[in-house]
Amino acid sequence: MDMRVPAQLLGLLLLWLPGARCAIQLTQSPSSLSASVGDRVTITCRASQGISSALAWYQQKPGKAPKLLIYDASSLESGVPSRFSGSGSGTDFTLTISSLQPEDFATYYCQQFNSYP
């Protein structure tokens, strides 16, 4: 059996070697918060270096897969209510829920797509 790896594939694999690129760290705040229905809620995400607008926001409820809310920092995913909005670029980003609804009580995550560890 021919086990040679095509050069193009090998090149792609090398891009994914651990440590091949400097990891970008994200810091969310607050780590937790208390809020009531109808409140305006703001969550921030800060990147350790500039990532342009390569940031997404996800909502996760217990036992469920994360749900994409916002991509490219400010673009609303189809089907997501307009009370969710995202802003920012570079290193500082914000997710805002304009009027919190009962179904919005969940965990929220930011994720960057500018580079990979």
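Residue numbering: from 1, along the chain as shown.
Positions of Cβ are set from backbone N, Cα and C atoms, glycine also.
According to Swiss-Prot, the features are:
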- 1-22: signal peptide (SIGNAL)
- 23-45: region 'Framework-1' (REGION)
- 23-117: domain 'Ig-like' (DOMAIN)
- Cys45-Cys110: disulfide bond (DISULFID)
- 46-56: region 'Complementarity-determining-1' (REGION)
- 57-71: region 'Framework-2' (REGION)
- 72-78: region 'Complementarity-determining-2' (REGION)
- 79-110: region 'Framework-3' (REGION)
- 111-117: region 'Complementarity-determining-3' (REGION)
Task: Range from 23-45, 46-56, 57-71 with the greatest count of C-beta pairs under 8 A to the region 'Framework-3' (79-110) - done: 23-45
Open item on the list: Give me the DSSP three-state residue breakdown of the domain 'Ig-like' (23-117), ordered helix, strand, coil.
Closed with: 3 helix, 42 strand, 50 coil
Task: Remote residues contacting the region 'Complementarity-determining-1' (46-56) - C-beta distance under 8 A, at least 6 residues beyond either end - done: 22, 24-29, 68-74, 86, 88-93, 110-115
